[in-house]
Structures are given as C-alpha cells and as structure tokens.
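> Heads up, here are the entries from TrEMBL:
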TRANSMEM  53-72  transmembrane segment
TRANSMEM  93-113  transmembrane segment
DOMAIN    137-267  domain 'Fatty acid hydroxylase'
TRANSMEM  187-213  transmembrane segment
Amino acid sequence: MIWYLAELLGLIQIDRNIKLDEYQSHPSYAGNFIRFGFDGIVGEYISTVCQTFLFALALYFTLSCSSYYYFFKKNKQWYLPKLNAKFYIFYDIKWSIINMFFETFLVSIIRVAQPRFSLMYYNISDYGYWYIPISIILHTIYDETLTYWVHRWLHTYPYLYIKLHRIHHFSKDITPFSGFAFHPLDAFAQAVPLFTSCFLFPIHMNLFLFFGLCTTSWAISIHDNVPALPFKFLLYSTHHTIHHEPGLGGMKNFGKFTSIWDRIMGTYEEPDRINFGWKKQQEQLNKLKKVNDFYESILPSDLNKIKKKQ
C-alpha cells in the first residue's frame with residue numbers, strides 16, 4: 001500500500017494495466033477457474049477462493065498422508081519406535097479443513113489485491129537475476145520477524161491463546177496432520193507476512209508461489225518428530241516437538257524457518273534431548289557438528305546468559 005500511495009502522489013509510476021495483463025497471463029491466474037456466472041473482480045475473487053481452497057486441500061492431504069504413512073506406519077520401528085502416544089488425528093484433520101476453508105476467503109482478498117496495489121512482478125527482466133537473491137533475503141527477514149512475534153503474542157496473551165492458538169496445541173503429541181490444525185484467524189495472522197511482503201518490495205510471482213509451497217511443506221515436516229536435517233540455523237521438527245510440550249515448552253521455539261529470533265530473544269531451546277528411538281539421529285548431528293558449532297559461535301543459543309556474565 002505504501003507504493004500505491006506513492007503512485008497516487010505521483011512519486012513513482014507503475015502501469016497497472018500492464019501488471020493486470022501479466023497477472024492474467026500467468027499460469028497461476030485463478031480468474032478463469034470457476035466463476036459461477038459472476039464477472040469482473042467478483043468472479044476473479046470467487047475463482048481465487050475456489051482455486052486456493054482446492055489446491056491447499058490437495059497439498060495438505062498429499063503431504064500429510066505421505067509423511068504419516070512413511071514415518072508413523074511403514075518405518076515407525078526405524079524412526080519412531082519409542083513414540084507411543086495418543087494422537088488426535090481426526091481432530092487435527094477436522095480443524096485443518098475448517099482452517100483452510102475459512103482462511104481461503106481472507107487470503108484471497110490479498111491475492112486479488114496483489115496485482116492492483118503491490119510491487120509483484122511477472123518478468124525477471126523487470127529487475128534482473130541479480131535482484132532475486134536480494135528479494136529472497138528481504139522476504140525472509142520480513143516473514144521471520146513478523147511470524148515470530150505474532151506466534152509469540154499468541155502464547156503471551158491469554159485471550160489470544162485461549163480463543164485462537166489453543167486449538168493448534170490441543171495435540172500435545174503431534175503428527176503431520178497437525179500442521180494445518182489452526183483456528184482460521186490464527187493461521188491467517190501467521191500467513192499475512194507471506195502474502196504482504198510484495199506490498200513493501202518487489203517479489204517475482206514465481207518466487208511468491210515458491211515461498212508458499214515452502215511454508216506448506218515446512219508446516220507438515222516440523223510435525224513429524226524426525227530431525228532428518230539437524231542444522232540448527234533452522235527450527236526443525238524436534239524444536240517444534242518441544243514447542244508442543246505441556247508447560248514451559250510452549251514458550252520456546254516460536255520461529256518459522258530459522259532459529260535467529262529465538263536465539264536473540266532468549267526463547268530458544270536445544271532439541272537434542274528429543275529422540276524417539278531413531279538410531280541414526282546422533283549420527284546426523286555428528287555430520288553437522290562443525291557447522292552447528294560455527295553457527296553457535298556466531299549466534300549463541302542463549303544470549304541472555306552471555307549478557308549477564310558481561
């Protein structure tokens with residue numbers, strides 16, 4: 001919206017007609033998906049709602065079912081032999097469907113607004129290949145920062161936790177089906193950074209779609225309890241297992257993809273104590289020990305203790 005105001009003031013010029021044409025020519029354009037007889041922006045919005053919901057539904061069940069079958073059924077004795085818990089799978093699936101259905105109406109408003117008011121672009125030549133890594137860094141900083149604080153506030157303020165976030169934490173013993181089990185307003189609040197970074201700086205449409213796919217895949221993977229890639233720059237599955245533990249565990253590991261903000265704010269907890277019997281877990285940690293030690297030397301896991309000593 002900042003750039004839209006700048007347009008209105010005549011400070012910058014963006015040809016919105018060209019942007020709309022490029023948007024409507026993109027393979028992801030939902031405008032011709034399902035209209036139910038509506039034309040114009042209303043028809044586009046209805047198409048976007050339908051496309052977003054059906055794609056989210058297909059992706060959720062594909063990823064969660066695949067992950068659950070592989071880790072919790074076919075290879076449970078290899079990866080999770082000590083995980084004997086009561087899983088609320090149908091509860092998680094029910095809330096995941098409710099979340100996807102209602103959240104879709106909210107995020108579709110932003111999606112329809114993107115080509116009309118944001119800096120979303122569709123041709124790499126507009127900014128060049130050199131800008132792609134810059135936009136990835138900018139988006140990651142924006143997404144990580146807002147998601148961390150939204151997630152932390154959902155735990156800090158009792159009203160928000162009880163009314164919204166408690167639904168996700170109902171499952172203390174998590175499975176891949178827990179990845180989308182949120183109150184729709186909770187999920188939307190945490191999704192806003194993904195959909196709004198393009199209003200602050202240019203993001204290529206394909207990169208935006210890639211970020212969305214990464215977010216969905218990550219939401220499923222951090223609920224499988226298997227630390228397949230224990231690189232501690234990331235907040236991986238056993239970090240999130242701790243986050244779902246009753247009591248103080250819920251006040252740890254709030255980040256989205258990375259552990260940066262948790263380390264800075266003193267809410268980080270090491271995940272190494274969580275092991276459900278995967279024999280190669282320590283081996284995986286040993287492979288990345290030098291990398292993790294180097295990262296720890298740059299950004300220690302408990303900055304507060306260091307500050308107190310100083």
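Glycine residues also receive a Cβ, built from the backbone N, Cα and C atoms like all the rest.
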> The domain 'Fatty acid hydroxylase' (137-267): mean pLDDT?
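The answer is 95, the mean pLDDT of the model over that range.
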> Mind checking how the domain 'Fatty acid hydroxylase' (137-267) divides into helix, strand and coil residues in DSSP?
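The domain 'Fatty acid hydroxylase' (137-267) comes out at 88 helix, 3 strand, 40 coil.
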